[in-house]
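Notes follow once the structure below has been shown.
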Amino acid sequence: MSVCALTLILGCFLLFLGDISKPAEGCTCAPSHPQDAFCNSDIVIRAKVVGKKLMKDGPFGTMRYTVKQMKMYRGFNKMPQVQYIYTEASESLCGVKLEVNKYQYLITGRVYEGKVYTGLCNLIERWEKLTFAQRKGLNHRYPLGCTCKIKPCYYLPCFITSKNECLWTDMLSNFGYPGYQSKNYACIKQKEGYCSWYRGWAPPDKTTINTTDP
């Protein structure tokens, strides 16, 4: 098994709630709030794929995408300029397929031995599909919440058990995942020391610090 496969398996596990996860044959990933995806990644960039090459480095091979980095949101200390993104060539091993010279993507991934690896269990989305709040989150809010814990709720009852948790209930909605909290909210530590959901178009300040919506 290639290094890419070993790396991705660590972040990709089977989930019995198949209708709220992202299936791709043998690859099934647990839902992840965009803030968690941001905070748990070594690299977060906005980039356009400009080329690809199948690397013969294992039984299934690895796809190497050449990217033009537009902006980096996380990973300056790891790799300030990303040129290549690696992923499993097989979708059954959580490999992701990206269009060449077509879209700009938000890409998250991990760095291993000087290379950036990503896959279906990482957050990868076409840039134009991100909400305004998600784009703001990348620039300002998500980094403020990396010490908070987003606790998913799959069925009722569910509760927070510590002051650093935000209860994530998108999976209970009839609209499914990703839902309203994923698209519009960030879980941010407040000045009183607890974490709560924050929604707004400006960084938190004393006039909004006590918001607990939703």
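One-based numbering along the chain as shown.
Glycine residues also receive a Cβ, built from the backbone N, Cα and C atoms like all the rest.
The following features are taken from Swiss-Prot:
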- 1-26: signal peptide (SIGNAL)
- 27-30: region 'Involved in metalloproteinase-binding' (REGION)
- 27-146: domain 'NTR' (DOMAIN)
- Cys27: Zn(2+) binding site (BINDING)
- Cys27-Cys94: disulfide bond (DISULFID)
- Cys29-Cys121: disulfide bond (DISULFID)
- Cys39-Cys146: disulfide bond (DISULFID)
- Asn40: site 'Involved in metalloproteinase-binding' (SITE)
- Cys148-Cys195: disulfide bond (DISULFID)
- Cys153-Cys158: disulfide bond (DISULFID)
- Cys166-Cys187: disulfide bond (DISULFID)
Neighbours of Cys187 (disulfide bond) among the disulfide-bonded residues Cys146, Cys148, Cys158, Cys195 (Cα to Cα, within 10 Å): Cys146, Cys148, Cys195
Rounded mean pLDDT for the residues that make up the region 'Involved in metalloproteinase-binding' (27-30): 88
Counts by DSSP class (helix H/G/I, strand E/B, coil) across the domain 'NTR' (27-146): 25 helix, 47 strand, 48 coil
Nearest of the recorded positions (Cys27, Cys29, Asn40, Cys94, Cys146) to Cys153 (disulfide bond), judged by Cα-Cα distance: Cys29
Closest of Cys29, Asn40, Cys94, Cys158, Cys195 to Cys146 (disulfide bond), Cα positions, recorded positions only: Asn40
Rounded inter-Cα distance in Å - Cys121 (disulfide bond), Cys148 (disulfide bond): 21
Cys166 (disulfide bond) and Cys195 (disulfide bond), Cα-Cα, nearest whole angstrom: 6
For the disulfide-bonded residues Cys94, Cys121, Cys146, Cys195, the one whose C-beta sees the most other C-beta atoms within 10 angstroms: Cys94
Euclidean distance between Cα atoms of Cys148 (disulfide bond) and Asn40 (site 'Involved in metalloproteinase-binding'), Å: 12
Per DSSP, three-state class assigned to Cys148 (disulfide bond): coil
Of the recorded positions listed as Cys27, Cys39, Cys94, Cys148, Cys158, the one whose CA lies nearest the CA of Cys166 (disulfide bond): Cys148
Candidates Cys27, Cys29, Cys39, Cys94, Cys148 (recorded positions) - the one closest to Cys158 (disulfide bond) by CA: Cys148
